[in-house]
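In Swiss-Prot this protein carries:
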BINDING   Lys46, Gly53, Arg54, Gly55, Glu100, Tyr103, Glu108  ATP binding site
BINDING   Asn200, Asp214  Mg(2+) binding site
BINDING   Asn265, Gly322, Ile323, Val324  substrate binding site
DOMAIN    9-245  domain 'ATP-grasp'
Amino acid sequence: MNLHEYQAKDLLESYGLKVQKGIVAHNPNEAAQAFDQLGGKFAVVKAQVHAGGRGKAGGVKVVKSSQEAREVAESLIGTNLVTFQTDAEGQPVNSVGVFEDVYPVTRELYLGAVVDRSSRKVTFMASTEGGVDIEEVAHNTPEKILKVEVDPLVGLQPFQAREVAFKLGLEGKQINDFVKTMLGAYKAFVECDFALFEINPLAVRENGEIVCVDGKINLDSNALYRHPKLLALRDKSQENAKELKASEHELNYVALEGNIGCMVNGAGLAMATMDIIQLYGGKPANFLDVGGGATKERVIEAFKLILDDENVKAVLINIFGGIVRCDMIAEAIIEAVKEVNVTVPVVVRLEGNNAEKGAKILADSGLTLIPADGLADAADKVVKSLG
C-alpha cells in the first residue's frame, strides 16, 4: 500500500526526521490559505498522486502568492496526472500539498531502503546524486550508490550511519543530523512494516540543516492488519479499479496489455503460464492467482474479473489441484460461464487432485469449453483460438 507524500512526511516526522513543512489542500481555497499559513515568500504546490515523475508532468509548481497557489491547485485538482510511472489514463489528483520553499540548498542527496530478498535484510541505499531518477544513477554510475545491509538481530547501528555520512562528504553537525535521520528511518521501516521508502531529495540547506524534501513509502500489504491507523490512510482512488476489486475477493491480480486472460492457482504457475503463452506467440492480458485454497465463489469472481476486460479475446484456465480440488474448480467454471455471457474461447487445463473428475464434469456440461492435456497444449490451443 502506497502513502501520499504528505502522509509519508507526517509519518517520518513522527520518528524524528526533519521534513519540509507543508499543508494538504483539497480545493483551491485551502491551497491559498495554506500559502498564507506557511508565511514564506515562495511555496511549492505538489499534486498528491501515487506516482513519481510529477515534476516533469507539470504536477509540481513554485508559487509566489496565495492567488498563484489557488490557480495552480485549481488547474490540478480534479484532473488526472499522467507521468512516466502511470498508464495512459494517469492518476486522479484529489488534493495538493502546499510545502515551504527550502531552496536554495547546497546539496541534494538520496536515501532509501528496501527489503532485499537476496540478502533477506533491510538494505539502505544512499547517494550524492539526489533529486534525479535514482534508477538512472544505478544504471549509469552504480559506484555512486552506497549500500548498507542491516543485521536484523541488532538493527541499524550508529557507526553504520556515520560511515555513510562520511562517504557522502557530510561534515560537522550535518553528520549527527544524518545519523539521526537514518536511524529514525530504520526505526520507522521496521515498526511500520515498510516494503520500500525513499527520500529524494534529502536536501542540505545553506544553514547546514538536513531536510526531507520528498517522501515515498510503500507499506507491506500483508502486515496492514496490525497497523489500523496506517490502513486508514489508504487512498483507493489511486489504485487500479480491477486490482482493487480483486483484492476485495482475495485475488492477486495485475492488469497487463495482452488479449489472453489467465486464471491460475499459484503465483509461480501463473508466471509460467504467462511465459508459455508468450512463447507460443500470444500476449497475456493479466496475472491472476486465485490462490492455493481457492473457493468456488473466488473462482467465479476471478472469471468475471477477466471477462470485464474488453481486450480479452480468449481465456486460459490452468489449475493444478493440490489443496484445491479440480472438480470444485470445474463446477465453478460452469457456474461462471452460465452467469457471465461468455463469447470468447475458453481453454481449460486441469491437473492433480480430482483432475479426471473435473474434466468429466466439464465434458458433460454441454458448454463449448476447450480441454487441454498439458501446459504446452493449453498455450498452443488458446493462441490458435484467436484465429
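Cβ atoms here come from the backbone N, Cα and C positions, even for glycine.
On the structure: features taken from Swiss-Prot.
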{"residue": "Lys46", "record": "ATP binding site", "DSSP class": "strand"}
{"residue": "Gly53", "record": "ATP binding site", "DSSP class": "coil"}
{"residue": "Glu100", "record": "ATP binding site", "DSSP class": "strand"}
{"residue": "Glu108", "record": "ATP binding site", "DSSP class": "strand"}
{"residue": "Asn200", "record": "Mg(2+) binding site", "DSSP class": "strand"}
{"residue": "Asp214", "record": "Mg(2+) binding site", "DSSP class": "coil"}
{"residue": "Asn265", "record": "substrate binding site", "DSSP class": "coil"}
{"residue": "Gly322", "record": "substrate binding site", "DSSP class": "coil"}
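Among the listed binding-site residues, namely Asn200, Asn265, the Cβ with the most fellow Cβ atoms inside 10 Å is that of Asn265. Other Cβ atoms within 10 Å of the Cβ of Val324 (substrate binding site), summed over all protein chains shown, number 24. Within 10 Å of the Cβ of Gly55 (ATP binding site) there are 15 other Cβ atoms, across all protein chains.
Along the domain 'ATP-grasp' (9-245), the predicted structure has mean pLDDT 94. Glu108 (ATP binding site) has Asn200 as its nearest neighbour among the binding-site residues Asn200, Asn265, Gly322, Ile323, Val324, going by CA to CA distance. When the binding-site residues Asn200, Gly322, Ile323, Val324 are ranked by how far their Cα is from the Cα of Lys46 (ATP binding site), Asn200 comes first. The binding-site residues Glu100, Glu108, Asp214 differ in how many other CB atoms lie within 10 Å of their CB, and the one with the most is Asp214. Comparing local CB density within 10 A for the binding-site residues Lys46, Arg54, the maximum falls on Lys46. A separation of roughly 13 Å, to the nearest angstrom, links the Cα atoms of Tyr103 (ATP binding site) and Asp214 (Mg(2+) binding site). Asn200 (Mg(2+) binding site) has Gly53 as its nearest neighbour among the binding-site residues Gly53, Glu100, Asn265, Val324, going by CA to CA distance.
The distance from the Cα of Gly322 (substrate binding site) to the Cα of Gly53 (ATP binding site) comes to 44 Å.
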